[in-house]
Amino acid sequence: MDGMLRVSSMPKMESNYMGEPDVAMMSTGPAHNGVFQTKSPLFRECMAEFLGMFVFMLFGTGVVAQVVLSEGTKGEFISINFCWGLGILFGIHVCGGVSGAHLNPAVTMTLALFGRFEWKKVPCYVVVQMLAAFLAAAIVGMVYDPLITVSDPHKKSTQGIFATYPYSNDVPIGTCFMTEVVGTALLVGCLFAIGDEMNKPASPYSQPGAVTLLVVAIGMAFGMNTGYAINPARDLGPRLFTFCAGWGPRCSR
């Protein structure tokens, strides 16, 4: 998970989060004449980032759907926190060795700002993160469509399964904004700390677990006001899905 974690050592794509040579920087000569092989390192990185984000979002959106539609009988808020964390864990393992497992436009842009990632790659990463989040929301929507139809036939109240919304009207927009700023700052700052080799970082083998616990902790501490998006793609991709899938203008509230 070099993009997130190895922030003080070497340029981003020289090694992955396990400290091994990055696949994206290895020889692009095909070992086999496979149909699905590509010689483009950027395309390979983007496809890996897409798959990692897709897995992450499937777990996260799926657990929210299960808890909401079962009215808490098949899980509760702590289930949501832990499953989002586990989604990050498996997303890292899916794509970390190729793309760096950013899984978040905020992480991608922060790395670019600090010179740890090439700016020319930022638009590609952000686009695939958004697309993966949209597709994952669509898959969860299809899986749970029968229960959504029973629970909310007119699609007036279940958009919160997919995107994040204020806990209630008692939470003003300014407080929501501040909550997201604090949560995202904690996420990015702690990611840098975890991977800083001058700061006794976590072992490369334990770094994905440390990131998992970080996401869980942010959810437990700052999840109430807004649902802790702390990730523009995690929120905007599914929000666009709800707009397209029948929730309409309600998805923007």
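Any Cβ shown, glycine's included, is placed from N, Cα and C.
Computed from a predicted structure; not experimentally measured.
Under the heading transmembrane segment, TrEMBL lists 46-65 (among others).
Taken from TrEMBL, the feature transmembrane segment covers 77-101 (among others).
Summarising the annotation, TrEMBL assigns transmembrane segment to 122-144 (among others). Counting same-chain residues at least six beyond the ends of the transmembrane segment (122-144), those with a Cβ under 8 angstroms from any Cβ of the stretch are 42, 45-47, 49-54, 56-58, 61-62, 65-66, 69, 99, 102-105, 108-109, 112, 161-162, 233-234, 236-238, 240-242, 245.
Sequence annotations record features per position, and here TrEMBL assigns transmembrane segment to 171-194 (among others). Listed by sequence, the residues of this chain that lie at least six past the ends of the transmembrane segment (171-194) yet keep a Cβ under 8 A from its Cβ atoms are 4-5, 7, 104, 106-107, 110, 201-202, 207, 210-211, 214-215, 218, 222, 225-226, 228-231.
For the transmembrane segment (210-230), the residues of the chain that approach it from at least six positions outside its boundaries are 1, 4-5, 77-78, 80-82, 84-86, 88-89, 92, 104, 106, 160, 163-167, 171, 175-176, 179-180, 182-184, 186-187, 190-191, 194, 202, judged by C-beta separation under 8 angstroms. Residues or ranges marked as transmembrane segment in TrEMBL: 210-230 (among others).
Through the fold, the transmembrane segment (46-65) approaches residues 24, 38, 75, 79-80, 83-84, 86-88, 90-92, 94-103, 124-125, 128-129, 131-133, 135-137, 139-140, 143-144, 147-148, 160-162, 233-234, 237-238 of its own chain, all at least 6 residues removed from its boundaries and within a Cβ separation under 8 Å.
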